[in-house]
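Structure, as structure tokens:
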Amino acid sequence: MACLELSKRNLQGKFKEDQDACTLDGTVDMHGRPAIRTKSGRWVAGIIILLNQGLATLAFFGVGVNLVLFLTRVVGENNADAANSVSKWTGTVYIFSLIGAFLSDSYWGRYKTCAIFQVIFVIGLVSLSLSSYLFLLKPRGCGDEFTPCGAHSSMEMGLFYLSIYLVALGNGGYQPNIVSFGADQFDEENPKEGHSKVSFFSYFYLALNLGELISNTILVYFEDEGMWALGFWVSAGSAFAALVLFLVGTPRYRHFKPSGNPLSRFSQVIVAAVKKWRVEVPSNAKDLYSVAGNESSTNGNRRILHTHGFKFLDKAAFISSRDFVDQNQCIRNPWRLCPITQVEEVKCILRLLPIWLCTIIYSVVFTQMASLFVEQGAVMKTTISHFRIPPASMSSFDILSVALFIFLYRRILDPLVGRIKKSDSKGLTELQRMGIGLVIAVMAMVSAGIVECYRLKYAIKDCKTCDGSSSLSIIWQIPQYAFIGASEVFMYVGQLEFFNAQTPDGLKSFGSALCMTSISLGNYVSSLLVSIVMKISTEDHMPGWIPGNLNKGHLDRFFFLLAALTTVDLVVYIGSAKWYKCIKLEGKFEEADEEDDIKV
């Protein structure tokens, strides 16, 4: 009897050791078995993904950052058509992110989706390099500031546009999945790995900015001098190196299984709730339908616990005799009865939408860095001694600011806030950081407006070409770029963490895609806002706020308008954040209800 008891204890101890050895968040290895904590994921896989992101970003911006110049100097488009083409191309990148997220969450999984779209990315860059070298850069040596290229045939232009849209498809489908896949390598059910997961998002954004910094300085220099083929081949090589590095880490990765088409799951909840619109939902959540054991409606991912709010949707989980297709009530009709986890998935997305909508105005502010900030810098004094500063290169101060503030936040501010709160929690919450990002964005627009006021004060009134039309140095733009960089650390890094943490396991890539679509819509809203402002401000034959000659306009008023709109957006955001309720995952090692409520 004693031996039997001892054997039982040994078996229980062995079971506990096996359980401790596996991850607790439901991730599996490449063979579909529960992931072993010590042999998978963590920083070994995380660092591979960070390097992959840096190389892929370098490759993408090696094409994207100077595409407008390539279209004017090589393809022969005018400034307006080239700007319009780049806007469409950029918007398409972010639209493709939704396609990549859908395929990843529904069918392929994040690893397979990342690998496939990176292959498409490399093919697009190689095709672009070949078509540019063989067909577009004629005569040889054309494409710099002084030597435009000749005319091109329809076939050559077709190959060029096919290439750049393959680049857009590859990068767009890959981008939202790689950040979610990187986060998958850390088990948030384990406190130590949970803190590493939070750090990963900061380092991911840093890797993205470092890749962009290299492309914005080195590759842009070669391309600006007319060495387009060299710049594109370097981008293709960087993308290929990123793909190889990604595949090398295959044995180490952790995976979440794809959870099937979310559109059908969402539709089932809506239809089931509508069919039972007369049903009175019980006050006790235990009376609602929940699948047994570890089974869930999303292919084995963690179950979501019931939350209050959107009570109408709870009707979809109310059990009635008509909800089953067999007499033994074993097989349910999914269009009449949905598990509470499936209902909560829909609630999660509905709760995220107000927060997401509030991030679009911030993206409008962010896009000014690549447009109006550059135009403003172009009509300032751009020389220091005999050295000329290209206005577009001022974005380097944004990237340096991102790197600095990530370090300050991770090493100083976050621990300091944790000590002030006298808790083991992670300093500022994601919602709080996003709110701070909006505040700093207001400061950036106010700074840009003040600089424009002084630029106009020192402007050369009779400027014809607007070259050197103000004696105010371009160095005065540094604060507005630095403010944008600081705001990115709080807003975009916080946004990545927030959407990853608050989406169900089967929709993580969709959460990352929301961040990218916010940037896309920010571009479109910015264009719409400029069009509206110019239409109103040019009435009665006035030059408008943003004319061709900025000395005759009031760009400062546009910046102050954005500051006012962002302030209003901040107020709406605070209300939305106070209303927001966090997702409750079964078995999570710490509750997040009060943790993510913004404090006013």
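Positions of Cβ are set from backbone N, Cα and C atoms, glycine also.
Note that this is a predicted model, so its numbers are computed, not measured.
Annotation source TrEMBL lists transmembrane segment at 43-71, 91-108, 115-137, 157-174, 200-222, 228-248, 352-374, 394-413, 434-454, 514-537, 557-575.
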Segment-segment contact (the transmembrane segment (228-248); the transmembrane segment (352-374)) at 3 or more Cβ pairs under 8 Å: no
Using a Cβ cut-off under 8 Å, which residues of the same chain at least 6 positions beyond either end of the transmembrane segment (394-413) come close to it? 199, 202-203, 205-206, 209-210, 212-213, 216-217, 369-370, 373-374, 377, 427-428, 474, 477-478, 481-486, 488-490, 493
How about the transmembrane segment (43-71) with the transmembrane segment (200-222) - do they touch, taking at least 3 C-beta pairs under 8 Å (6 or more apart in sequence) as contact? yes
In the same chain, which residue numbers or ranges, 6 or more beyond the ends of the transmembrane segment (434-454), come under 8 angstroms Cβ to Cβ? 355, 358-359, 362, 365-366, 368, 372-373, 376, 428, 472, 476-477, 479-480, 483-484, 486-492, 494-495, 498, 555-557, 559-560, 562-563, 566-567, 569-570, 573-574, 577, 598
Taking a Cβ cut-off under 8 Å, which residues six or more beyond the ends of the transmembrane segment (557-575) line up next to it in the same chain? 355, 358, 361-362, 364-365, 368, 372, 434-435, 438-439, 441-442, 445-446, 448-449, 452, 530, 533, 545-546, 598, 600
Check the transmembrane segment (514-537) against each of 91-108, 157-174, 200-222 and return whichever range has the most CB pairs under 8 Å. 91-108
Same-chain residues near the transmembrane segment (115-137), Cβ under 8 Å, at least 6 residues beyond its ends: 56, 59-60, 63, 74-75, 100, 108, 143, 149, 152-153, 156, 159-160, 162-174, 177, 228-229, 232-233, 235-236, 239-240, 242-243, 246-247
